[in-house]
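Listed in Swiss-Prot:
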- 1-80: region '5-fold hub' (REGION)
- 1-43: region 'Disordered' (REGION)
- 19-30: compositional bias 'Basic and acidic residues' (COMPBIAS)
- Ala220: site 'Interaction with the intermediate capsid protein VP6' (SITE)
- Phe224: site 'Interaction with the intermediate capsid protein VP6' (SITE)
- Met228: site 'Interaction with the intermediate capsid protein VP6' (SITE)
- 394-414: region 'Hydrophobic' (REGION)
- 422-442: region 'Hydrophobic' (REGION)
- Met839: site 'Interaction with the intermediate capsid protein VP6' (SITE)
- Met841: site 'Interaction with the intermediate capsid protein VP6' (SITE)
Amino acid sequence: MAYRKRGARREANVNNNDRMQEKDVEKQDQNSKTQLSDKVLSKKEEIITDNQEEVKIADEVKKSTKEESKQLLEVLKTKEEHQKEIQYEILQKTIPTFEPKESILKKLEDIKPEQAKKQTKLFRIFEPRQLPIYRANGEKELRNRWYWKLKKDTLPDGDYDVREYFLNLYDQVLTEMPDYLLLKDMAVENKNSRDAGKVVDSETASICDAIFQDEETEGAVRRFIAEMRQRVQADRNVVNYPSILHPIDYAFNEYFLQHQLVEPLNNDIIFNYIPERIRNDVNYILNMDRNLPSTARYIRPNLLQDRLNLHDNFESLWDTITTSNYILARSVVPDLKELVSTEAQIQKMSQDLQLEALTIQSETQFLTGINSQAANDCFKTLIAAMLSQRTMSLDFVTTNYMSLISGMWLLTVVPNDMFIRESLVACQLAIVNTIVYPAFGMQRMHYRNGDPQTPFQIAEQQIQNFQVANWLHFVNNNQFRQVVIDGVLNQVLNDNIRNGHVINQLMEALMQLSRQQFPTMPVDYKRSIQRGILLLSNRLGQLVDLTRLLAYNYETLMACITMNMQHVQTLTTEKLQLTSVTSLCMLIGNATVIPSPQTLFHYYNVNVNFHSNYNERINDAVAIITAANRLNLYQKKMKAIVEDFLKRLHIFDVARVPDDQMYRLRDRLRLLPVEVRRLDIFNLILMNMDQIERASDKIAQGVIIAYRDMQLERDEMYGYVNIARNLDGFQQINLEELMRTGDYAQITNMLLNNQPVALVGALPFITDSSVISLIAKLDATVFAQIVKLRKVDTLKPILYKINSDSNDFYLVANYDWVPTSTTKVYKQVPQQFDFRNSMHMLTSNLTFTVYSDLLAFVSADTVEPINAVAFDNMRIMNEL
């Protein structure tokens, strides 16, 4: 029986195995059926073969296609990333980029008052030069004559180019125009003086020397030079120096002397120069320990406001200015001292959170990123951003409730305008949906992008709780007050923030939230938020102190700003991590920090120097634009003038400023009036353009052309030449007009009718003293080109000289041959040097000292920081 039973068991086992195999076969059949149905329905094309190798190849092909598709995906991804990078680069190009922050700071600090304009020489365009005199037969006489010539003769040919030369000359005068002239500093000894007298500068001395040694100088002039010396009137602090100047140069220097920018300096001026709020701040003790002499002088800084309104429609330029101001402000915000130990604070926080007992992930996040460096960085960022009116963006993690609760303090203290709208909305929405609405069991807020109201404004209308709604109302209406102090527009914080009372309002709202039931949320969620609120509320006193400290440092440094604080959202933003705000709230100690007097003075000086330089460069640009228009420089690119203006401000990357802003800047500059000094200087140049042209050896003022040969005439300055000294009796045609219209018919008709014609305009004045080359060039260069090709712009009139210096002088001696030319160069006579008319007495102060750093005379100290008081006469930090 037993045997039989064993066999039966075996059979049963075999049967079971068969069944299992059958099941497997069925499964395989089903799989194959599904695979077949898939293959039939799928649109993929497959080749069915019996050959195993081909099947392997097909698998490999599949693998390779997969790899190719992967590679293609990667390529597409990189292409997308590349496109994003390109888009970002395009965006960056519309925003001027900056060099490292240190270099901007150095550029700003290196802008000094214009001490470089202190002159050691008088301004001169002309210098006297000796030229030989020629007799009637063309021979050079032994005696010479003095004429006024240009010191730097770079006059180009062509009327338009000459006018451009005068614009460049004007620009040069503007850069060299001294703020003050002290003749004693440049006076030198007159070598020919009997009693060691002095003349005004080294060039006057060298001119006197040359005239004294000239054999033809009259005895009376020599005696006069021997008498030339300074005349001092000590009781009036005045000295007169003799000078030898061309009348135009004299007009310039006399104007500079009469319109100096220096003003008398005394203790009152220095004390009033210090910003009023710092003078009246009881925390700063200012003292002057000496009186200034009566000869002390200073240059009043030019602090006009908002002449170009760069905040209005100049996004890139405004971004650059605010960035440089931000970097400067960060460098002067004091570092926090005696912060709470990070380890000790984290340990205390973890005890408060009971993290040993509870290991809730969200609560361990509360402690991440807390460190003293982040706290200090946050303090500096907040104050510097408000001082420079830089827009901030917030970076946060929604699950970190602690950073959101810290964000509630931040939004209470800092006005809404300081944050980029999208970032502000995101942060407010996170606070509403994570803390405020769950506390009252309200449904999540579904915020539509583009809604004119912020999440807090919507929440204020929906929440019934008075304390929470009251706090939301304060945040929604937290704006800067615009106040003009000492003529500067300041962005002032709300009084409730300045005295710290608003923190009590925030705490009342937080306590109300922590008492709520969070009905729709789990218990752990409610506990997490309650503990986060508890952590912040435990530091109520420190938060009040921190708010007062922030406001005091902001307002004290704000007193040193000289340009209007215009509030406009900036293109780029300063990033602020909410974890660093948590660090600041949790680690702030009880040590007061206030800016040192030296830091304040430095900040004030840098701001004054930049602002003054900004206004002076505006004046220069406006003057150059006006001059270009009055000189009819129709081809002058105004953009180049604007680029120069921006370069001279030092902080701009000019190549990256968009063109639309360049042209808008040009239009704004055109509307401004020209400063009086610069206008007077331009009028001086404009009135004397003719005299300056005459003194040039490079250009003539026109050319007379004719069919018939015109005889060469004797000229005192050159001998036998084809020069005409006047245009009487000739019909005149303006060369520039002729070249612009291109109508040469009038000239050719006149020439064909045997009438000489005078082409008036700035032409090259080239000397060619060889008679042979004169004859060779005559018809080929001048006459043929005018009549046949009708091209006036290629006309190169030549000054032909035939005199005793010439190797071919024997041709002149041969009276059978009369030298002639078909052109006559029209050249005006330069002004002759007359010693009596060129001797001028210049008057200036005998002595004075110009002080550039006025605050160097003020010794300043502060009270002990612990005793420093805020505007309400209460200590800044009360929590000890």
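Yeah, the Cβs are placed from backbone N, Cα and C, and that goes for glycine too.
It should be emphasised that the depicted structure is a prediction, and the values quoted were computed from it without experimental measurement.
Highest Cβ count within 10 Å among the recorded sites Ala220, Met228, Met839, Met841: Met228.
Around Phe224 (site 'Interaction with the intermediate capsid protein VP6'), the C-beta neighbours below 8 angstroms that are at least 6 residues distant in the chain are Phe835, Met839. In the region 'Hydrophobic' (422-442), the DSSP tally of helix, strand and coil residues is 18 helix, 0 strand, 3 coil. A helical conformation is recorded for Phe224 (site 'Interaction with the intermediate capsid protein VP6') in the three-state DSSP classification.
Averaged across the region '5-fold hub' (1-80), pLDDT for the predicted model comes to 53.
Cα separation, Ala220 (site 'Interaction with the intermediate capsid protein VP6') to Met228 (site 'Interaction with the intermediate capsid protein VP6'), rounded: 12 Å. On the backbone, the CA of Met228 (site 'Interaction with the intermediate capsid protein VP6') and the CA of Met841 (site 'Interaction with the intermediate capsid protein VP6') stand 10 Å apart.
Under DSSP, Met841 (site 'Interaction with the intermediate capsid protein VP6') is assigned to a strand (E or B) in the three-state scheme. Taking H, G and I as helix, E and B as strand and the rest as coil, DSSP gives the region 'Hydrophobic' (394-414) the counts 13 helix, 2 strand, 6 coil.
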